[in-house]
Every structure is written in structure tokens, then in C-alpha cells.
2 protein chains.
Amino acid sequence: MSVSGFDFSPLSPVPGIRLGTAFADIKGKNPDKKSRDDMAVMAFDEGASVAGVFTQNAFCAAPVEICRRHLGENIRAFVINAGNANACTGEAGLSDAEQSCEYLATSLGISAQSVMPFSTGVIGVPLPMPRLLDGIQGCVDNLDEQHWEQAAHAIMTTDTRPKGHSVQFVHEGEAVIVTGIAKGSGMIKPNMATMLAYVGTNAKVATPILQALLVECTEKSFNRITVDGDTSTNDSCMLVATGKTSLPEIQEASGDLYEKLKTAVFEVLLHSAQSIVADGEGATKFLSVLVQEGESTQECLRVAYAVAQSPLIKTALFASDPNWGRIVAAIGYAGVKGLDANAVRVYLGMGIVSDVVKGASASAVNIANEVLIVEQGGCAKGYREEVGQRIFDHEFITLRIALGRGQKSETVWTTDLSHEYVKINAEYRT
Amino acid sequence: MSVSGFDFSPLSPVPGIRLGTAFADIKGKNPDKKSRDDMAVMAFDEGASVAGVFTQNAFCAAPVEICRRHLGENIRAFVINAGNANACTGEAGLSDAEQSCEYLATSLGISAQSVMPFSTGVIGVPLPMPRLLDGIQGCVDNLDEQHWEQAAHAIMTTDTRPKGHSVQFVHEGEAVIVTGIAKGSGMIKPNMATMLAYVGTNAKVATPILQALLVECTEKSFNRITVDGDTSTNDSCMLVATGKTSLPEIQEASGDLYEKLKTAVFEVLLHSAQSIVADGEGATKFLSVLVQEGESTQECLRVAYAVAQSPLIKTALFASDPNWGRIVAAIGYAGVKGLDANAVRVYLGMGIVSDVVKGASASAVNIANEVLIVEQGGCAKGYREEVGQRIFDHEFITLRIALGRGQKSETVWTTDLSHEYVKINAEYRT
């Protein structure tokens, strides 16, 4: 079960990036090889620049540690496996991750430091190295610029569908492509599922600029479905720029080309982040929480997360019950000092709040069929429950909370909490 | 469904406190009067001192506002209704709460400022005043020192059973009684259900000392099943001292009698808090999370709440799946700066960590059949999943997390997350 939409549209190849996949039976449950691929390799032509952001979790996984060591080298390839996170596996886990890099490096004729490893799946179980190394070879054997879609499938774990998005724009007559794939679900508190994302572009970008661009774009996409610091052991988001156009290298975080590229990368990342929400475990509803009129970004996020993570609101959402009492209770305990309850207004609407992508100001956000449900510390005059009920029956719901104390605004995205969420997470692994 | 234990033992009357209950059909769904009582009145003899702690929620309910105004007056009575929280009801809600006080005051021949009102139930619906006032009269008509148990029943909402506890001790040949009742469930994040608690004692205590004692005792009981500031609109915890012994008045926060009384009040409050956890919505397991060796109380609580509120850990608990990977992930994202993952140890055991009541040091806490499951950043050597599985099959489970960086420790209590939780909260009100 998952929310509809966020279709997997055709993914444009990115010159200079080849992808290969294989079935390696990482979980060790399908020796008959009838299962879908569970490994992917991405290989980059010489000269690509690579940026990455990783989990802040104190128990970060072995591959994340190796990635951090290698980032800054002349990165030429990624090796990715699903089914096993290689997390909390101690020294042996580090050694396994290094061995994967060495094996792929030898196969591609590059150095081990040029390879970054990624793993996602169950925590605390050693990688099945012989099968994994066979899998790497299988991936290398079918490297191809056309294999983005296969790779999107191969990195899935509890995902019910692959996630990917492509954007193109033209600059001085040259087509610039941005294509990305991602995996992740488990969305009651989004941080708890591993999220992996790989985005490629044929633009040419100096590494420090690419890194700054990625940090800025993840901040308002992946980090808006995740509480600061609340990350899984393996979360990683990578951006690769192959430089396969005749356009000049972007060496500064400004200018027309830079802004266009940033918008395109942002759109791909936001689409990925929202796709992950929509594929939340057992999700039946998609909720955008837009908090406006805050004194600070931080207090907007506090309120947005208090609402987006309230199990009582999420179960009410599942039940299509517009229980505004639970919403004001969550706003009230979000910890905003000196909040005047009488100044707060809450609006219910339909659709997805995504306009931040286009840089629209909060006031310009346009939400369909919006209705005021809370004002003056209580139920809004003229609000009738049937109206809220009709909105809550929809799949895509917006909650706009105006705090009445400032100019800042922030948006986060989440889902409902269904019977099926409990079922999936109670049965996973056992 | 709820965790076993926390029996409702006989509640000793407290000289100087009379209780009365009535069915007032607050929800308006049972005009045939066949339902259980949903109102209670508590009346105190002249000379009682009263202390109270209330929700920090910015959207606090009307009765809480009136309580805050009246606290400090010569309090002589409480009026309590279940089924309707009188929260987010604006000016009309305040006026309704005041009218309740006036009605009870007239009936008892005291001033309206001497009455404190309490409500719990659905948010945002006006109180049914005519039925409520009739109910007050019904309560007054059967005021009796023996009616603690009836009152414990009358204040229930989604509770599956009444909650109460009595403790006695002897000081200089005089029996000092501490008796309390409480209501609350909805425990995925305990803050979200309204918790009400009423504790009485026949000791004589100066009001400022009584208030300090209550604040200290709630801090390590009710506030250890609740995140700071994360409170419902109506949470209230009251302590009444009638002074009906020949012992001298306690005028300082020290001395043998003060310490004995504090221990007794603490035990009653902790029992109430744990009873509320055990009666969590759809709860099948009771989890004590003890975090030791922290640098500060704050970081111990951060880790304890990260674990206790993780939906992934709570669903694993429901499934009796000792998924230690989810536990270390939660410790890792709790936001403890500079945490050395290799220094952390996690132990699984059986029972309830309650020894804090008796003031025992963390190292003295004794947990049955404890097993080390995590060390050196991964699965502990020699740990076998069958052993963890056997522990997780139990109803009362302890998780002891040693951070390896200091001397502080804290304990919080929670439950699992079951199918039934979603069912109850999706269907409540609709």
C-alpha cells in the first residue's frame, strides 16, 4: 500500500555515467536466482566531480565511514547493495566494505580509493562476501548508460516501487541533464529508514561548488522529511557531475547556469524525497505541513515536525477524521516560547505544497479548496466538520499553520499511520 | 488490551477528603443512564493545603486556566468531568468552567474561588452545561470518604481500568496515609493523552512546601513518561494535604517526616504513572529504558526518549523481535554530541526498573536475567538471538544503555506499538 502518483517517468541517460545491476542473493533467501537484482554499480568517466552528504548517526555504517575517507579522491565508481546495511558490524564490516571497493577497482582498472561503497538493509549481519563479489562482477558485465531504471529497482528494500526523476534544461544551446534515483520508505519518522539517492548531471562543476550545491538542495528536500540529526545508520545522497558538455566549468555559486542547475537538482531531489514519503510503509495519505509567520526557521520546523510526527494526528489522517483538537494540541506542545494561541490559524486544503522548489514566497503558495479550521484558540467560526471530512477523504492533504508572529516559513512532508505500518515493521526481519 | 499487573488495590480513605460521583452523560450518547459515572467531586475540610502542576501546552484548556487562577486560594473542592476536555472552546469554555465552580460552590456553601475545575475527553466541543450541573448535584449528594474507587472509575476516558494506589507509614505513633487516583492512556508518546492525578494525604504541610514536594515527585514520575513540554491541553496533577493528624505542620523541605512523606507521595505517583503506561492504548509490553553513564541528565533523557519513542523499536517490541539494530540506530540519532559508539553497551533484561523510587543508585539497580546485546559498536560477542528472543517474549522488558562517558542516569517507561493502537486512535471520536 502506498500513495498514488510520483510516477517513474523515463530517466534520461547522463553522458559519462554507466550503470550495471545484478542479483547477488544478498539476503541469502533466494538461491534459485528468481528474485530481482539487489546490487548496482555506477561507473564514471575520468574527470567527473563528486559531492556527498551522509548520515549524522553516531552509529554510522561501515560503508559510510569508507565513503567519508574516499570523498575528495578522484571518484570513479559506486558499488551499492540492498538487503544488508553492513552497519554495526565492527572491524569486519569495514574490511568487507574495503574489499568490495578493491574488487570493483581491480575489475575497472582504477584505484580502490576511487570507489565508494553503499549498503542498505538489515543491521548487524555480516555481508555475504563471496556472493557480493560475484554480484559486483555481474554488475560490471552489464554497465550501460541506459540502465538507470534497472539500478533504481536494484537498490530497493521495503520500497514498493522504484524512485527516479529526470529534468533537462538548455543553456546556450546545450542540453543539460539531471537524472536521479533513490530508495527509502518506512516513513512514520522518515529518518528511520535508510535513504539512498544518486543524482548525475553532464554539467561541469568544480567539486567545492558541487558540494555546496548538494548541501543546499538536500537541506530543503531530504532534510525536510527528516528531523535534524535523526538519521539512519546508512543515509547517503550523492551528486556526480561528469562535465560532458562543451559549457564552461561552474566555478562559483552564482550566475545563470549555476542557478538553472541548482533548480534542476533541487527538483530531482525534492521529487525523490516526496516519492519516498508517498511510498511510506503502509501509507494511504500524503500530508504537506506548511508553517508560516514564524519568528525563526527553527520554530517553524519545531511546529511542523510536532504535527508531522504526532501519532495521534497520523492515525486520525488514516481514519480520514479531521480531528483539529489533536492538531492544536501538537502545535501547543511544540515548544514555541511565548506562542499566542489566539493568534494561530490553521487551514486545511488539498494537494501537495511544493512551490518552494520554484522559490515562491510563502504567501504565494496556492492550495486548492482551502478552509480555515482553527482561529482564536478554538474551532473557526463557520467551519463545519463535513467540510473538513471531505478534504480528509482525499489522498493529498495540506495543513497550513500560520503562527501570527513573524515572516519565516517552512514545509515538511509526511504520511498517515496505518494498520499496515505496524504489520510491516513488526514482521520485517522475523 | 493492556499490560497485566498494577492492580487496583484497596484505597485507604484520607480523613478530611470526601468524594462523590455521578453519571451526567457528558458525551450525550447514553440518555438511558445505563453507562458508568463520568463526573466526580472531591471536597476538603477547611484548612487543607493544595498543590498543583499543570500542562505547559500553549493551547491549555479552559479549566486549566481557571485552576491556575484559583490555586493559592483557600481551595475546598475539585469538580471533574470525563468525556469532554473543554479545550479550545474560547471564552465560552472559560465561562462554562467558571459556572461549574459557582454551581459547586453554592451547593457546598463555599466561594467559587475555592473550587478548581478539571475536564478530560474530546477537544473543541462545548460542555453540555445543564447535564453537567445536574451531575455536580449528583456528586454532592453522595460525598463520602470511602468513594476513592468510584472516583477512579468516574474520571476514566479510554482507560481500560481504574488507577489508584495507597501507601501508609507511621510517624511518632501516628498513621500517615497517602492515597491517589489517576487516569490516562494513549501511550505511544505519553504526552498526547490527558493525564489527571489526584493525591491526598492526612499530613499537615505548609502550601509552599507541598508545592515543592509535588514538583520534585512529578519530575521523576509523570515527567519520565512525558517529554518536557510535550503535554496535552489538560494534564493536571494535584496534591491535597488535609492536616488531619496530631503531627506538627511540615514547614521545611527536610527532616524525617518530610522525607517519609515525599517517599510515600513519590511511590503513589510513580505507581500511577506506570499504571498509565501499562494501560497504554493497545499495549502488550511494558518497557523500562534505563540510561546510565551519561555526562548529563539531559543527554540520558535524550537517549532514553529516542529509544522509547522510536516507532520501529516499539513495533519490534510488539512483534517480540529483539532487533538491536533499531536500538543502536535510535541511540545514534539521539543527538548526543561526541558519543563514542564503541563505548556504548546495551543490556536486555526482564522486569520493571523502579528502584529510583527508593533512591537507589543506578549501579544498584537489579534486573533479572540481564544479557549484554551490544558492545564495541556491534552485536556483543557470545550473544545469541534466541536469548534475546526469550526475553522479548516477556511482558515486562528492561533496556539498560550504558553510554560510557559519565555518572548520570535516568529511567523512562513506555510500551510497544500494536495494531490495536492504530485501531483505537483511528476510531476514537468518529
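These residue numbers are counts, starting from 1, taken along the chain as shown.
Using N, Cα and C of the backbone, Cβ positions are placed for all residues, glycine too.
Lifted from TrEMBL, the feature list:
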- A:Thr194: active site, nucleophile (ACT_SITE)
- A:Thr157, A:Lys183, A:Thr194, A:Glu281, A:Asn425, A:Thr430: substrate binding site (BINDING)
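Projection of TrEMBL feature records onto the structure.
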residue  : record                   : Cβ within 10 Å
A:Thr157 : substrate binding site   : 21
A:Lys183 : substrate binding site   : 29
A:Thr194 : active site, nucleophile : 29
A:Glu281 : substrate binding site   : 28
DSSP-derived class (H/G/I helix, E/B strand, else coil) of A:Glu281 (substrate binding site): coil
C-alpha spacing of A:Thr194 (active site, nucleophile) relative to A:Glu281 (substrate binding site), in angstrom: 13
Pairwise Cα distance for A:Lys183 (substrate binding site)/A:Thr194 (active site, nucleophile) [Å, integer]: 8
Rounded Cα separation (Å) that holds between the residue listed as 'active site, nucleophile' and A:Thr157 (substrate binding site): 9
